[in-house]
Amino acid sequence: MNPELGVCYYPEHWSEEMWATDAARMVETGLSWVRIGEFAWSRIEPTPDDLHFDWLDRAIEVLGTAGLKVVLGTPTATPPRWMLEKHPDMLAVDAQGQLRKFGSRRHYCFSHQGYIAECTRIVRIMGERYGRNPLVAAWQIDNEYGCHDTTVSYSQPALRGFQRWLANQYGSVDALNEAWGNVFWSMEYASFDQIDLPNLTVTEPNPAHVLAFRRFSSDQVVAFNKAQVDVLRPLTNAPLLHNYMGRILDFDHFKVGADLDIATWDSYPIGFLSDRLEADEAHKKAFLQQGDPDMQAFHHDLYRAVGRGRWWVMEQQPGPVNWAPYNPAPLPGMVRLWSLEAVAHGAEVVSYFRWRQAPFAQEQMHAGLLTPNNKPAPALAEARQTADDLAKLGALTQTQADVAILFDYASDWAWAAQPQGVEFNYFRLVFSTYRALRRAGLSVDFISATGALQSGYKLILAPGLATLDGDLEHRLTEGCDLAILGPRTGAITRDFQIPISGRPGLSGLDCEVDLVESLPPNVQRKVEGGGAAQHWVDRLSGDAPDLLTFCDRTPALKGENGLWYLAGFPDEALWDRIVAMAAQKVDLPLHSMPDGLRRRETEQHFFLVNYTTAPVLWDGHKIAACDVTILRKDRHDQS
Amino acid sequence: MNPELGVCYYPEHWSEEMWATDAARMVETGLSWVRIGEFAWSRIEPTPDDLHFDWLDRAIEVLGTAGLKVVLGTPTATPPRWMLEKHPDMLAVDAQGQLRKFGSRRHYCFSHQGYIAECTRIVRIMGERYGRNPLVAAWQIDNEYGCHDTTVSYSQPALRGFQRWLANQYGSVDALNEAWGNVFWSMEYASFDQIDLPNLTVTEPNPAHVLAFRRFSSDQVVAFNKAQVDVLRPLTNAPLLHNYMGRILDFDHFKVGADLDIATWDSYPIGFLSDRLEADEAHKKAFLQQGDPDMQAFHHDLYRAVGRGRWWVMEQQPGPVNWAPYNPAPLPGMVRLWSLEAVAHGAEVVSYFRWRQAPFAQEQMHAGLLTPNNKPAPALAEARQTADDLAKLGALTQTQADVAILFDYASDWAWAAQPQGVEFNYFRLVFSTYRALRRAGLSVDFISATGALQSGYKLILAPGLATLDGDLEHRLTEGCDLAILGPRTGAITRDFQIPISGRPGLSGLDCEVDLVESLPPNVQRKVEGGGAAQHWVDRLSGDAPDLLTFCDRTPALKGENGLWYLAGFPDEALWDRIVAMAAQKVDLPLHSMPDGLRRRETEQHFFLVNYTTAPVLWDGHKIAACDVTILRKDRHDQS
Amino acid sequence: MNPELGVCYYPEHWSEEMWATDAARMVETGLSWVRIGEFAWSRIEPTPDDLHFDWLDRAIEVLGTAGLKVVLGTPTATPPRWMLEKHPDMLAVDAQGQLRKFGSRRHYCFSHQGYIAECTRIVRIMGERYGRNPLVAAWQIDNEYGCHDTTVSYSQPALRGFQRWLANQYGSVDALNEAWGNVFWSMEYASFDQIDLPNLTVTEPNPAHVLAFRRFSSDQVVAFNKAQVDVLRPLTNAPLLHNYMGRILDFDHFKVGADLDIATWDSYPIGFLSDRLEADEAHKKAFLQQGDPDMQAFHHDLYRAVGRGRWWVMEQQPGPVNWAPYNPAPLPGMVRLWSLEAVAHGAEVVSYFRWRQAPFAQEQMHAGLLTPNNKPAPALAEARQTADDLAKLGALTQTQADVAILFDYASDWAWAAQPQGVEFNYFRLVFSTYRALRRAGLSVDFISATGALQSGYKLILAPGLATLDGDLEHRLTEGCDLAILGPRTGAITRDFQIPISGRPGLSGLDCEVDLVESLPPNVQRKVEGGGAAQHWVDRLSGDAPDLLTFCDRTPALKGENGLWYLAGFPDEALWDRIVAMAAQKVDLPLHSMPDGLRRRETEQHFFLVNYTTAPVLWDGHKIAACDVTILRKDRHDQS
Ligand SMILES: [Zn+2]
Ligand SMILES: [Zn+2]
Ligand SMILES: [Zn+2]
């Protein structure tokens, strides 16, 4: 696979005379792909049923004939203002019961069937018009599901949809009462239509109620997406994709991804460091203009799994954005670094957002490859340089990693419903796991709890995996030499009950969680020999050998038969010990990486990526600040 | 009185086959009491008027014949879902105007007369059925009034009730306008039905308006409770009680308590340290797994007063809970320590919450004496050990303390309505007073501002007591040798006006507050000779002698005729000086206690309770970490 | 001009017998003015059309004949309760969609035409009654527009008013769509009545939409005020004024002021330090009981501009207030210091708020010159002393300063709509500019972007001025020898677009902003030679010479032709360098002032004001703590 570059473009924002010049300049910059159309509904259909495709026909023609492959977006993330007059109840409602009004984007509730019908209508029309157009090389469906906290809606359509979904899941309301333990506070229902959405309750609602609503809400996204897929499939052979976001876990991306051909995501390293990452002030300062050294790679690896191997960066941050608490500029070299790092993780395309900074509306302070008045922004030259790098690089092939993390969206919903301690959340735990593996120089795969069994791993980690049901133990023991579970793995059933048969309930591991503790940030539980647990501790019993113990002699890690259970949320030192123990156990070579230097292996290369502001000398190679060193395996034994 | 142990149990949560085994195991653990039924309305009356008492009959029979005395709860804290279809407007409304929906508990407004009628109906039926059942040895009415901020409701029934209450209090709207000073911002009313609830005003409402609404809201709780009492009294001779919470001051517990026979409260030392106590980080860390050393004792002493000498711990934390920001486990020994400490303060019964951890619903992460799958949790052995301790201890009698704190719920409402400085609140001030007395090794009583005159004290403190009206000065001078008032004592009338006759307005003390200051946390006002005021300073004038002065020569403490007025909120050093001065004045022996060691005297014993994680040597006695040393007075002169 | 003193008084709060005594005591204290009536509507018109002016007639008579000049307030900030029954929809609505209820003050929406008609009705009646009364020497219209966040309302009347305002501004909805760039996210409207208020949108609304709504909201205040002015003008020759607040920028005070004769403001130095100023903890602690040394002067200078030279302090803090997070007392001397400082900046009158502390309602903890029970509060003697000082001082004349700051309310609205970084706001930037000039001992004028051209300045600064349109560049180059713009100056058009012609777009300065960065508080961009930018950085290009550069060689300050552009938000060290460079350039003498000592020059005097708690020796003069030294120019060359 030869990676390519692309860009996001909005012909409707610029006078038509500029299109051809823009297209030529894109090609000259080394770009091969251009995404258009995803916010253009008001120009395609200014009033109901009054369709204006002429401009879009010409835009596709101009871009395509210049040599660019077009990704055409369905415009359903931004219904025009008239849509609200047809469907006044289509807006989502927030947890406080407030209507989320028109005036920005994503102003729809996933449960509104009337709006879904409008979406399939416009998508059918577009599919019929452009489905066989050779210039349209891919389709993007909607835009950034879940962004702006839009997965979950407390609207009346959502309520009715939830009641139907529950009836379908549980069959009888008695079964639901039993499954949720509604006897607890006399919360038993006599019919499904008595069940309300789990917001605005006096104190916290039943976590089983919340988790069911979160599953329902995820399913509504899957169904919304599938409705468009079902329309487009017969009308085009071009691949269908969606652009996911960073650290948005509100719907099951594996399920949405199963209906699509390619996963893409929108990578904003500096914005995400600022607005959605737990890290101390020193770390955020050190990587302020580079982004967190593991955040991009994490999502690259995750979306590679969601896309079953096929994935892109659809929107690559090219400069300061407008939406984070602080919006500094990337350091010189970082746009190229991010692009090459994506390629190292298997991106087929890296597409910059956006071609030219808009001088108007919400994102006018969001940089592009060009300034609003058409001067080159710093990223333009870096895109050009990246294109040259890719030309030199040639074909690149991904290989299965030795190590995988089992990732499960529903676990995030579960622990958000009942965090037990304010410092605990699923992403934070999984990300700390991923960081630990990367500090050891490992390439990492993500796998899902469902789908085809994935085997051949030396090591699989499943931290915080809420529910171990079905054949999951079997899949783990078949899939790898050593599986590390915990903390908080197998802690609940799918209906959010503590399994009476014991937690985590593994037949091969004699180990049970009897009691759980959450801790404030200033308290750690030290482990004999070094490292500590923080935030969370499972207190373990059972006959499986203690591999590590806390200073009070209680088990910190127990294991047997290729199954380990980890009792706490490890700090960095404890993670490093556990990774080292596991590596020794399964004969996994480690490469200790300094802070900010990361390593990724492909079939043909070793990539060394330096997120720091100083050159790093490592294993005999000097990697410049904000730079990437690519070593061909045929010329290097090891890196 | 010989203290006993008990436990909270939910037969409706477990299969009927388990009941007898559970009962036997309770008895074996040394428990004498079992509380049941308080959340079981949906099982007693699954649909309106369809009563199912058979299971409850059998549960009482099984538990009672095993030797346990049953506390039967009225189930009114958890009305079933069908209740909302009968009374759609029964839900409370929060200060933002949001309905507080079904799906957890305490989903009712205290002002809804229809719901009160439903409560008296079900309570009458239960009283008629079980009132003379010898196995039912006590009745608990409702559960944890005020928990989850449920005392105050901004519903329409509350509005109408408030208008009636005002008409009753003030007779004419002109009287109300005058009493509230409504002329101030042209807020005068022409009729009672023009008066709205004091939420959502443009800027803060009149504090007189807020205080009246808080008095009304408290009275609604009193009336709600009394409605059930009035039904039960003729039907049973068993004592009636309610289980209050920690640091919930939204209603007047003395008034609710006046209608009941026993006060009980729910003691969660670790949860309360985490979620409702002002303390610095070091203190919270030092006592993370033990709870604050004075918080339990404070409530024991307060509820002893509310119960007019008769009180229990109805729910004793046995392990980690689910509801605090952080939920660590108690250190070994703490469950026994908390139990024996309660006994030292006069608890008739200490009842653990709960027998077995529920595997479902909101509190599934709340530990019990048993794990969800019936293994012993750590607290089970400590309960057993406590039972043995109690057997050895024999009878124990409370005596009146030398020192009392005058406690007044309405003062909390007043200062919440007009805090004047964000660091100032009533509980914080009173608790700092209590701590100071405990650091001096004193046993402390609480007394109320109303009820029978309580005399014989050497020292009474009345910090922050909002209103000195009626015969309160007389009661103080008759009640003790020395009364210490201030800061902010006698600062307002019952209608929230500054008394024109002067603050605090004591005839025996020539001292007046002319001006008041509130301070940020980083500023203290040093007192000559040591210590400082913080948060709050009253500037005093008058001819009473200055007993202490601030470094700027203004009075810090003035006093004469057995009345002292304290000008500021003391820090620990200043409190210790004041307590020492007072003790010398009234010949009160002090015992300086180290941090975390506390002392309590009964007729027969000295109790020394060590909340720290290290043994303490004190007065020749070594008290182990997390342990209690009980000295019999007949063998020790002094401790 | 000979400055005078005054006081705010509420005859309706006190028994009529007290009025004459109060009036005599005011005169004895040296006060010449008394403001009354502004909250008295419920006493003037207790029920609709039932007018009670007798008491007000007598109050004016008693006060006036005692020798006091009366300022009569229109009572429109506190409509009586019956007004809501006539106009149930007159209440404002907050951004969350909540009605802002009756029960305090300012409970009206500026867009409610029915309420405006009620206001003009009562004002006409009062004007007809008192307009020619010689005892009424001035009229105050309403009270503290915008206080309690009341400028902006999301009510239905506001919505309809906004739609009309937009139609008027833009003519056609297509023009509006174009101006706002509504194509961006398909936000295009087909008619003005489709445009909603910009609250509760899914993610942020279009900043052009927000800015338009903020302009509209400001215009509603201007219109509301003008409606009363238009009624009063024909009925009286007395000057009309309004009392503005501190750091409330929600409406254009220049526009309101253009319809009035005198600007007044309400100066609460200690409250404002506590509740509305960005400053570190050490600074807030050092000036806790004095107020920020530049905050009062800033507003004095600003309101001198708003009043076109004529301005008062209408409410001067005399002691602790009730409304700030912390409310300590002023240090002895501060009330006099604040009064004399106001005079130094040109105040015609300094009026204390209030005569006697009210014992009731919301502000009962707000000190006055007297305590609630009529004892002298500390400020009484300081007022008397100030009166003596003023008698000695004699006439005082303001002169135009050498330095001016161009101040623009709309820039605050713009940057609140799109701050780009959470640390950035307009007031903070302008205030840091003002502080820098004051540290250099300069007297400062404020000028507006509109109105008559003001010339003769050596230096004009225009930091953060959102839009450079019209003849503003011409006005700057004509108005001064050197204009310093930036950061974020000329960054948007009036419709909140980035000017395609470049930012800031000055014909005389070859300098353009290509990219913008916002920074977290722990990051600075160091400048070669000392100082740093913080919070905000504009990256500049262009041929104008670099006068300062950042350590990465990018320009920090560029300038030519008497126009400088500053690339970042300077820290104190950088500001001091820039002020020094500018002073050298334009031959402006500087006086380096120690922390807390400030200097102000009039025609006749140098005022040296010491906000610190220690005496300061400066330029041969010793200024005592919390004291003012006034030097007559005829006896001193320089200070
Ligand atoms: Zn190598
Ligand atoms: Zn002893
Ligand atoms: Zn001099």
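Cβ atoms are placed via backbone N, Cα and C, with glycine included.
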Listed co-binder of substrate (same site as A:Arg105, A:Trp323, source TrEMBL) among A:Asn133, A:Asn143: A:Asn143
CB within-chain contacts under 8 A for A:Cys109 (Zn(2+) binding site), separation at least 6: A:Met90, A:Leu91, A:Ala92, A:Val93, A:Tyr115, A:Ser153, A:Ser155, A:Pro157, A:Ala158
Can you tell me how many other Cβ atoms are located within 10 Å of the Cβ belonging to A:Trp323 (substrate binding site)? 17
How far apart, in angstrom, are the most distant Cα atoms among the substrate-binding residues A:Arg105, A:Asn143, A:Trp323? 17
Near chain C at Cβ under 8 Å, of the listed recorded positions A:Cys109, A:Asn143, A:Glu144, we get none
When neighbour density is defined as the number of other C-beta atoms within 10 angstroms of a residue's C-beta, which of the recorded positions A:Arg105, A:Glu144 has the lowest density? A:Glu144
C-beta crowding around A:Asn143 (substrate binding site), within 10 angstroms: 24
Write down the Cα-Cα distance for A:Arg105 (substrate binding site) and A:Glu144 (active site, proton donor), rounded and given in Å. 11
If you average per-residue pLDDT over the domain 'Beta-galactosidase trimerisation' (A:401-587), what number do you get? 97
